[in-house]
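Everything below concerns the one structure shown next.
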Amino acid sequence: MKKLFTLFTLLFLFSCQSNKELNQLSVQMQNQIQQCNSCHSQGEKFGAPSLYGLELKYMNAQIDKYRKGLRGGEKASKDAISMREAIVNLKDNDLKEINAWFASQESKKIPSDTVHQGNGEALYKQHCYGCHQGTMGKFFTGSPSILELESWYIVKQCGDFQAGRRGASPEDKKGHKMAQRVKNLSPYEIQEIADFLAN
């Protein structure tokens, strides 16, 4: 019982420490996070999604792909290329700390005001749920939750996967698999899924 109490205490303390306000961080880290938000808080304008509340494991994995050139290469979208250039001079430990801070924050996704009446839910369950939300699927595939992603970003990334701007490299095994999964989805189906998730 004592060990269990200690474990819960440690988890509580960790959660308190991880959810820091921006002004509790070092000046250097504050500046770096503000630089991230100069693009990532502008919505579709810069093609950069909000990072608030995204899964830490996923963000770290994407940074690793940018570092290795599996994302942001010469055939990538201009937004992905800009992202790779933006982090090229940042230290790995700083990037991990930035990601950890964003992951500890509450999502800033704004739900849509409209009630979606289309086929999005059925399409999501058919094509996305198993890997992106199902417990076993997420465990075995390492796929992130997409519930906090903005609808425009989902549409854009599916388009990039289909056009070979993302996931084209066989070395990017998970990205390559995702590209295969969405290649036969129509623009209508992708938009339906995105609209459903927006609610």
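Heads up, the Cβ atoms here are built off N, Cα and C, so glycines get one too.
What you are looking at is a predicted structure, and each value in this text was computed from that prediction instead of being measured.
Annotation source TrEMBL lists domain 'Cytochrome c' at 1-106 (among others).
Here TrEMBL flags Cys36, Cys39, His40, Met83 as heme c 1 binding site. Taking a C-beta cut-off of under 8 Å and a sequence gap of six or more, Cys39 (heme c 1 binding site) has these contacts in its own chain: Phe46, Ala48, Ser82, Ala86.
The domain 'Cytochrome c' annotation in TrEMBL covers 115-199 (among others). For the domain 'Cytochrome c' (115-199), the DSSP counts in helix, strand and coil order read 53 helix, 0 strand, 32 coil.
The heme c 2 binding site feature in TrEMBL is assigned to Cys128, Cys131, His132, Met178. Less than 8 angstroms from the CB of His132 (heme c 2 binding site) sit Lys138, Ser143, Pro144, Ser145, Ile146, each of them six or more residues away in the same chain.
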What is the biggest Cα to Cα gap, in Å, among Cys128, Cys131, His132, Met178, the residues listed as binding heme c 2?
11
Structural state census, the domain 'Cytochrome c' (1-106) (DSSP three-state):
74 helix, 0 strand, 32 coil
Restricting the comparison to the binding-site residues Cys128, Cys131, Met178, which residue's C-alpha is spatially nearest the C-alpha of Cys36 (heme c 1 binding site)?
Met178
For Met178 (heme c 2 binding site) and His40 (heme c 1 binding site), determine the Cα separation and express it in whole Å.
23
